[in-house]
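As recorded in TrEMBL, the features of this protein are as follows:
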DOMAIN    170-313  domain 'Nrap protein'
DOMAIN    317-455  domain 'Nrap protein'
DOMAIN    462-620  domain 'Nrap protein'
DOMAIN    635-839  domain 'Nrap protein'
DOMAIN    841-995  domain 'Nrap protein'
DOMAIN    998-1117  domain 'Nrap protein'
């Protein structure tokens, strides 16, 4: 069973520590030595024979039936139950909370009184405690005095039973006595200021008590008008829970109709300090719906608790359903911050569905979660709001709420919109997430539980492009430019929340069809010391925006507008400003249009960046320097070309076009004894996944000597290594015929003859320079080399056949036959399939190139081969749950690192459903076969439709140790890279993840950079014909092969194949164990005599000297770290 116990550790939070000394569960769970409680030990339970074979009870039969009808399998039911146990509060934790609440309540009831003073007079407050409020404007009318609270009550999730770990928050409502307040305090921030003063008074009194651990101020869901006091218990329990103290007016103190969304409670004259011609006329004042809902929210928490308790008592699974929904929201980062969909809203939504009879009281927690997500996916609260009010006639209508707010969900009183602070974009994100969850929930091929509730979805890994507004103070000028004074008053000066909806709406208009979804980060609830002033609005972290792109439209450089004479033309010009111009198109139409810069694909990918920076500068006065665009920062590592930067798409397309042309010419060849049945590419460049695609080369003849007999060019000894020329493999299948021999040697001779004949015909008809060999034919075409292998479909079978001593035909599988099948059948099929995937997902190739560049740079290129890496990336596109398929190379690369570091390679096969050929039954069969034969299978197991049982791509590598290292380095790289991309203060180069940690290695062989081929020297394409250059010449790989052959039993050798200038050597652990002396085993060893025994150990000095001799001319220096091993 997939373990749920890691849930609390997966999610960063202040109180993520597991409880100490957890109470035993069902007498089977024992306390481990580690008080963190992370490891769980189960002891077998002894049952009598009668208990063991007792027939199931009616309840057990019902549970079995429910598991069968509701879940894919009983495993999912068990996983849900385990997760609910994991997030529920233990009895011990509840006792701690109850005890601390009693202590706090006693203290609060003894708060001393203070004399009445003006609201602006803070002389009664000690200088050690500050008021948690931004006093803008400075003063307001009213009197205030400190006095003990009228009552102290538990509110929120804890008394309701829906409070969950890891961040345990207990809400305590402290009622401000009626004589402190005045009925007119709703006007001009009088009540919010008195509320803040009352909290400061409580903080001052509690500061002297030793029964309180730490004290901080915060804001309720980022709303600065609703500060709260955070208390923690003293001692070792300080991080186990937080008590959040809310100051509230007495129930019913203010009349609810004062808070109608169209009423004004902030006077312009008071807020601006300027006399206006309309001063005194309330009817001309702008409405203040957000301010009204902030004050009204303090009046209703007790009524909300009563309502939810009544609903909860009718539905036994209510608390569990809410807990699952809260976990789902937390994993998607929607559960906290300004305008979030918090646990309270989750409870209210399930209550709405229950009271409106959309779901039944008898449903299980699983069904509650499923139906709630289904409702969210299908209901747009930005258009059709919902209400819990039973008497809608006496309260504001939904239409009036929609006029004032973007998202509408009205509470049972009918006066409060509980989604007042939520932006339409946040709700659309919630809707999108619910929709995606519903899509993969019923898919039996997806691990629904893990994708739904256990996989975190941070913005950096979910959105294709991200950009940040770094200097939030610039939003002040945005408010001026957008003329948002009345909205700024409504938000009490919070220019960030004021400007945000308008900026989102502007970007939504500009990006239009290019994007599927626009999201933004939710400003975290600020927390600050009671001794500090309230932080300014600009002090919060940068605002991050995420964009989900529509791949087919996002990279278009042309924005075509309405015809010049259309009424919409003026609107288009107003939106785009000077960038809009009249253009005539090929179809004769003359329309408004905007043309963005971008020639290569990597430039076109950043067209959204040009749109965003242009619109923000033009309409919101936000300069480009304040926008940090994190869309393609990682792409730099695969960029080539100085004049026109490219990430390989254009070069790959040239290779594919040249191959297509060659393929057509091969098909049309006449004069062959047998016809060609298939021409297939079998090279990464033909599926767009070669890290640096082969470039058409113009040869520099000064680097070569001409070898006359074979008309070839040979590298000169004194010159640097010539550019690496990749042979592009092409498999040419010949038709079957009775003329083919049945002897393996004869088949090879026939193939050689075909290579010669093909070369002659290509030279004769197309003047291509060709060089036939026994194993292949090299064709020099368009500055590229194509290596054609003639294949006969029965040859692998012939290689498996042999005649034994009795003269019987024996068929045995062998490595030679497998290698031939891999080269002529599996690789061409994989290439054509992945080429098709590239056509569906334009960034697939770039993600593969990034992934393989990282694997090469971290020296894992020999362990995770090119084909394996391509299949790993393909799985991200074919089964992206819980995400959508990657829409940019960067997000695809981050998910690749996450897959490597988090997938359970030991217990699960990775199924890559190419061409969607596998059904649910195939998945079950693969999983069962894998489980049955796990020990004999590769450590990294990849199943495909044509390879369900063997994982042919990972048979030879990686080993267990190397996979562990890959997983560890991937996890570190992911953590480092995500921090760098999201933290605007870090100026470190993102290329740092491409630099391998070399301290783990024992010997470093530094190579002469001039002798390391780069293969990135583009020039004008040479004509076909002429002398053939040296092909596939890489001194580094040849040297590596020699080292492995000579010293493979003693050491492992690693190198970056993409121009790496260091070979790292790691001694094998068993290499230094002394072995008895044998004359046949003294190579590279020295004899050590102890007493009468003669043993041999590796002679390290001699081995290092051999390294130098073998690599003469290639080695620059050799660094031996002798402290790493003992001689």
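Think of each number as a place in line: the chain as shown, counted from 1.
Every residue gets a Cβ built from N, Cα and C, even glycine.
Annotations in TrEMBL come from automatic prediction, not curation.
Taking residue pairs at least 6 apart in sequence, the domain 'Nrap protein' (317-455) and the domain 'Nrap protein' (841-995) share three or more C-beta contacts under 8 angstroms. In terms of DSSP secondary structure, the domain 'Nrap protein' (998-1117) contains 37 helix, 34 strand, 49 coil. Within the model, the domain 'Nrap protein' (462-620) carries an average pLDDT of 89. For the domain 'Nrap protein' (317-455), the partner stretch with the highest count of Cβ pairs under 8 angstroms, out of 462-620, 635-839, 998-1117, is 462-620. Each residue in the domain 'Nrap protein' (170-313) gets a DSSP state, and the totals come to 66 helix, 28 strand, 50 coil.
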